[in-house]
Amino acid sequence: MVDFPYSSAPLRTIKEVQFGLFSPEEVRAISVAKIEFPETMDETQMRAKVGGLNDPRLGSIDRNFKCQTCGEGMNDCPGHFGHIELAKPVFHIGFISKIKKVCECVCMHCGKLLLDEYNELMRQAIKIKDPKRRFNAVWSLCKAKMVCDTEVPSEDDPSKYISRGGCGNAQPSIRKDGLSLVGTWKKDKNAEDADQPEKRIISAEEILNVFKHISPEDSWRLGFNEDFSRPEWMLLTVLPVPPPPVRPSISFNESQRGEDDLTYKLGDILKANINVQRLEINGSPQHVIQESESLLQFHVATYMDNDIAGQPQAVQKSGRPIKSIRARLKGKEGRIRGNLMGKRVDFSARTVISGDPNLDLDQVGVPKSIAKTLTYPEVVTPYNIDRLTQLVRNGPNEHPGAKYVIRDNGDRIDLRYSKRAGDIQLQYGWKVERHIMDDDPVLFNRQPSLHKMSMMAHRVKVMPYSTFRLNLSVTSPYNADFDGDEMNLHVPQSEETRAELSQLCAVPLQIVSPQSNKPCMGIVQDTLCGIRKMTLRDTFIELDQVLNMLYWIPDWDGVIPTPTILKPKPLWSGKQLLSMAIPSGIHLQRFDEGTTYLSPKDNGMLIIDGQIIFGVVDKKTVGSSSGGLIHVVTREKGPEVCAKLFGNIQKVVNYWLLHNGFSIGIGDTIADEKTMREITDAIALAKKKVEEVTKEAQANLLTAKHGMTLRESFEDNVVRYLNEARDKAGRSAEVNLKDLNNVKQMVSAGSKGSFINIAQMSACVGQQSVEGKRIAFGFADRTLPHFSKDDYSPESKGFVENSYLRGLTPQEFFFHAMGGREGLIDTAVKTAETGYIQRRLVKALEDIMVHYDGTTRNSLGNIIQFVYGEDGMDAAHIEKQSIDTIPGSDLAFEKRYRIDLLNPNYALDPNLLESGTEIVGDLKLQNLLDEEYKQLVQDRHFLRKIFMDGEHNWPLPVNIRRIIQNAQQTFRIDSTKPTDLSIQDVVQGVRGLQERLLVLRGKSQILQEAQENAITLFCCLLRSRLATRRVITEYRLTKQTFEWVLNNIEAQFLRSIVHPGEMVGVLAAQSIGEPATQMTLNTFHFAGVASKKVTSGVPRLKEILNVAKNMKTPSLTVYLEESYATDQEKAKLIRSAIEHTTLKSVTVASEIYYDPDPSSTVIEEDEEIIQLHFSLMDEETEASLKHQSPWLLRLELDRVAMTDKDLTMGQVGEKIKETFKNDLFVIWSEDNAEKLIIRCRVVRDPKTLDAEAEAEEDHMLKKIENTMLESITLRGVQDITRVVMMKYDRKVPSETGEYHKIPEWVLETDGVNLSEVMSVPGVDPTRIYTNSFIDIMNVLGIEAGRAALYKEVYNVIASDGSYVNYRHMALLVDVMTSQGFLMSVTRHGFNRADTGALMRCSFEETVEILFEAGAAAELDDCSGVSENVILGQMAPIGTGSFDVMIDDESLIKYMPEQKLSTAVEVNDGGATPYNSDAGLVNTKVDIKDELMFSPLVEAGTSDAIASGGFTAYGGADYGGATSPFSGYGNGPTSPGFGDVSSPGFSPTSPAYSPTSPSYSPTSPSYSPTSPSYSPTSPSYSPTSPSYSPTSPSYSPTSPSYSPTSPSYSPTSPSYSPTSPSYSPTSPSYSPTSPSYSPTSPSYSPTSPSYSPTSPSYSPTSPSYSPTSPSYSPTSPSYSPTSPSYSPTSPSYSPTSPSYSPTSPSYSPTSPSYSPTSPQYSPRSPSYSPSFNNNDKEQKDENGTH
């Protein structure tokens, strides 16, 4: 074999996998050796035997021998197959049932299909495209055909017959018996032994011959494939022998070897095979041969599958079953799941974790020993050669060091053993495997990884000692604690992987979780406890401590804030110092009960511009709650700032707490005497009540509640009293604890503990329960031997009246242990259950992704949703918002929204508008306003129709309220001044904005419809918030501000759209599976409550996902029509009409008497009935008298039940008569009789009357009695066993338009019969609901089924108090219903879909699926996730769903000509530097190197701004153009950065570009009052948004800007295409525009300085190529062989001492070079030494380029 030279070229990927069966010819062709001997070694026991099982041609298994086929050694030879020629064909065990089915389809004589196109059904079957389904359809038709027809009736003329070429033979019925098939042939009717059918084993040989005769057409009809799977290949004639590397033997010593199970089994097969051959040659009798044939069959079968039902397992000598090939593949530890889907990996570490509050949120402390073991391969470039050389010198044992050097030819130098490690001269392009160092991104994970937040990217911080350290706040998403948990760390091994980690998985980016659109991290533990203590009223801090604390505020500006209290001594409040950690521009308000703007109780929360105004900061504010501080900061300022906020808060609070102290002791659980008395009283009272109830029960005075038995009602009362007692006791304990109490402090801060904990510690532990009931009686009617029999007292049934503080009595302790044990078992069972549910969900949804056309599809390309989540939004960007058009009365609505310029009541106050007086009576304007108001009224009706209960808080993108608040703050809105807004501006502005909000782009009808649906709700919100009246009267926005608000809404909206490539399926599966893990397994919340029992929690989720046909608790919720719903009596009527009442349920007793005379009776009680009935006899009765039987069936009915069900005797009697017609003679007593009796006699039929019949009459009557009781329905609907009336509140709008609650009666049933109940008069068929979504689907169709399914999934998750965003559950139910039937999330549901075989086999039934795939010759196109994981390829998902291409033509076409230089140039994250400074030398922005090619580039710091600007703190970050986080919130698209003068909002900002559609003379930021804008400035040029001479940052002394720079020109139009405010929805942005180039993410064809022909601008500027940082085709001195060496600069060489970025003597002639310039650092990717020289020289020669 040739030794290929090392190559870095990527390997070809596998595009598709074709399954099939091996034909005998192929097996022989592949084989390199025919195996004939069962021995492995030859006689010497030293070398492998030729022709034996370890034939040397199969591959070497010994270090001493080379492989005879390929000549490689043991490590390089992959092994080669051999083959065994079988003496007789045998069945392949995997296909035996398929072989049987094929035998049933074809004639067993001539091999022809038994049916063909002449049969109508068959014609349909053959049209099925999918081979497996076609085979099943053909088989189900053919299996009934028992003869091979020679001719069939013609279609045109049924009397004529057409020949079809059959042979006319009868077909056997075939049955599988063990490993053989048995055929039974029915004889002809007129044959003499017709009743003795012929029965014999059909041999494999026979079947093989038949299958060989199957024609190609027939084989295709049977779902086979001529090229890859013929039916006869399912039988084995030649057996492939796997090479030894598949079945390696283990050697004990030189002579002894232990063979692998497969080798052992192959030996058995060979022995049996030789045996059969010998018998054949010897001509032994048939039955002897058959015997040994079946042995061969057995060995071949167990070699492949040793778990065959009904077959003995093949065992080794020791009795251990052999591990067959099937066992190697299947199951969790098997090949597929254990070695292909999941492997062990390199570059990972695992150790115990501990907390460290001094680390940043996204850091991880890595032990030095681990940092020295794990490495990262870094390629040597001019920028890092010095650093890497130093690391190589340090060697492998000193921490920042290196372990290996890899040369460009692939050789590894191990620095542990290299003698001359110190003097290795590194060359460009080599790799150094260096230790991991601070700030490397690594992936950190804790199992079980239930959601994506269980694997996040952290920054390394190398630390001493041996545990991983992490910030406390990041433990909640990992669900970690420090009681011994271990975590794993993985080091990425390529730049691309590092980029993905830092840009997609970084902890800050996961703060807001898409699972429930709220943060998944918050302040926890001591910091949370401390933050509450610190922000209480009257917490003051003195000067010395304040000064210390200010040092703990990481970005403190050096200004000591004014103290809150000046005299007698200066004091600062805790709120004040905490505010210093909160970034400015943050607004938050939350009102709790009783909060006003003065907040006397200091509850609620108000933060304005980052200052805490009032409110104690607790879990509600800084916990992981929706709309809390964490959420707002992430949304407003970006993830990075939010991550810093965590650190800031922790540092400040922990320092304060350290000095203030907090501890808890046993004393905190002790209540005072008065409280203890209250507690004792409460418990005594409860016990007294229980005693009373017990007495009542014993005296039989209790009445059962409806739907409950007496005993249930009794238990219910007792449990209620006892729980009341515990709560009351707990409440008094809690109320009487002082606020200083440490337990109470923790509970109220939310850091630990709850009300129940206080109650149990101090007051009373309460009732213990097992399975939701009180402790049950064990032996002899007692719970424990310490109690007397039948003791129902609280003590005996497990009520613990002591508190933990007091201590439990032995009995109490025992009961408490019982309750606790149940909890433990529950948890253990739940873990396994939910783990499996999670796995099924993930496997069912794993391949669902948002595609580039906005649709959500699976790997087959089937559309699951037209728009993800039906609105195309990313769940993380969504917040709950109130749609104000829904609530409130009509009058209030009109007051809030209507403007009528002609009607003084609804006119605008003229003082509000500058144009206030001019607009009065303007009809044209009024029309505009009327249209707006009409639309709002329409919205109101529309929304009220959808949200029938008037709910108006819905999760929507873009928090408009906050944007308006930020605008008012930023632009310092003065609410006393009139605004310069005009009404047209508002109405048209909002209208224009709605048209620009595109989720989907495209003109086709379906896209338009989806687009409309996606934004309908958001537009309603938008119109309700930005209605003209509100904008002018409520918010008082100016024209400038209003435009800023609109632009901001648009930018944030576009940023909220979900990214194509997002794997939303897995996200949904995790979002549902993770809460399920937290759920309680068996919910006993309804312990005895008088209502329907409902399965919930995990068991219910299991039912839903399995689409279980028979649920545990099917139930209907029946809503009634208006007139019935409010009237209890009418509702009762319907209840009795629905509740299924059988005769049995009203019968007390039934008896059979011998009462010979029909007209009198032996039963005294019944004489009255007889007299009444026979006093008036009609002829019919008289006629039947003589035929009546002497046997009498007598039923006694239950009067209570009868009145309850509202039945009369007449109704019951008539019903019986109706059922049995004339066969039964029935009479009954009056309704008011003492006992309600029904008498029935059989009326005999004189024709059939004989002695025998007469003797059996009483038996017959017994049968009649059973039938009667069971099957006679007196009233109600079948299957509805019980109906309970419940009173629910219904929210409906009143006359005034306000929502109010109306109580209504609703029926809850046990049992479901939807179609019947719907048609009961009085039932409201539009609102009826059942939890059996299968019924809903059957009655109302799949769409209704989907809605019901969603509601059920939602209820399960909500029952536990969790919230999961709509889109996740919607995606799951859409997948389950997308095929038009309910597809379960089990192996029978989604795993039977038409996805690739590799993907299906990685779930369950691995081997069976692969067999099936082989027989049907399936083709897997490898588009799913699992397929690519198995093949070890990058799956086409996420960052793998596209390729990045370089446009070679443009590289040549657009040569950079001159250099444009600006005061500030922002180079952003694209790999295209937009022709800014062709050589990228003098860029004024330091781009952080790790973010170079990232679409989410972090802002660079531009020192033109850093040197002053109008910023408060100096320095501002600008985000990249492509960054959706626009500099994490400081761009013009982000509200809340400082004030107008901040560069983020002013024309000095490079982020504003005149070409940007949102920049116009009317644009809010273009205002003559803007402090940094001066039109009088002589060199002011409106085309240069980023140049302003009045800016203090422009000064000749500014190091980064020099007017003498040859490239400087005051009029230079420094157009910067990187403007982040450029918006793709701008009219000029159109993919069809000829000048549009998708490679430049933010370039706009309308740019004045852009012209496709202009050579000076190129979207893919050639001057930058990521692979060669210093490559520029225009540089004459460039030579491809030396990327960084330039002959024009003789003194420059990488090793030259003058090459030192810090050396001031380096290139001092470059006018723009300044040794102090912070950007000039080898870290900066835009720094290139060779260019500096080249450019300088070229400038000197040509003046400019």
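Including glycine, each Cβ sits where the backbone N, Cα and C put it.
Quantities reported herein were computed from a predicted structural model and do not represent experimental measurements.
The annotation Zn(2+) 2 binding site is assigned in Swiss-Prot to C107, C110, C148, C167 on the grounds of similarity to another entry. Swiss-Prot lists K1247 with the feature ubiquitin cross-link, giving similarity to another entry as the kind of evidence. Per Swiss-Prot, region 'Bridging helix' is recorded for 810-822. Swiss-Prot lists 1573-1579 with the feature repeat '4'. Among the features that Swiss-Prot reports, repeat '5' is placed at 1580-1586. The repeat '8' annotation in Swiss-Prot covers 1601-1607. Swiss-Prot lists 1615-1621 with the feature repeat '10'. Swiss-Prot lists 1629-1635 with the feature repeat '12'. Look at Swiss-Prot and you will find 1636-1642 tagged as repeat '13'. Here Swiss-Prot flags 1650-1656 as repeat '15'. Swiss-Prot lists 1664-1670 with the feature repeat '17'. The repeat '18' annotation in Swiss-Prot covers 1671-1677. Positions annotated as repeat '19' by Swiss-Prot: 1678-1684. Look at Swiss-Prot and you will find 1692-1698 tagged as repeat '21'. Annotation source Swiss-Prot lists repeat '23' at 1706-1712.
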Of the binding-site residues listed here (C107, C110, C148, C167), which is spatially closest to K1247 (ubiquitin cross-link) when Cα positions are compared? C148
Give the sequence-ordered list of residues that share a chain with C148 (Zn(2+) 2 binding site), lie 6 or more positions from it, and have CB atoms under 8 Å from its CB. C107, H109, C110, K112, L114, G166, C167, G168, N169, Q171
Extra residues within 8 Å (Cβ to Cβ centroid of C107, C110, C148, C167), Zn(2+) 2: M108, H109, G111, K112, G166, G168, N169
For the region 'Bridging helix' (810-822), jot down how many residues DSSP puts in helix, in strand and in coil. 13 helix, 0 strand, 0 coil
If you draw a 10 Å sphere on the Cβ of C107 (Zn(2+) 2 binding site), how many other Cβ atoms land inside? 24
Counting across all protein chains, other CB atoms within 10 angstroms of the CB of C167 (Zn(2+) 2 binding site) number 14
C110 (Zn(2+) 2 binding site), number of other Cβ atoms within 10 Å: 15
On the repeat '21' (1692-1698), the mean of the pLDDT values is 41
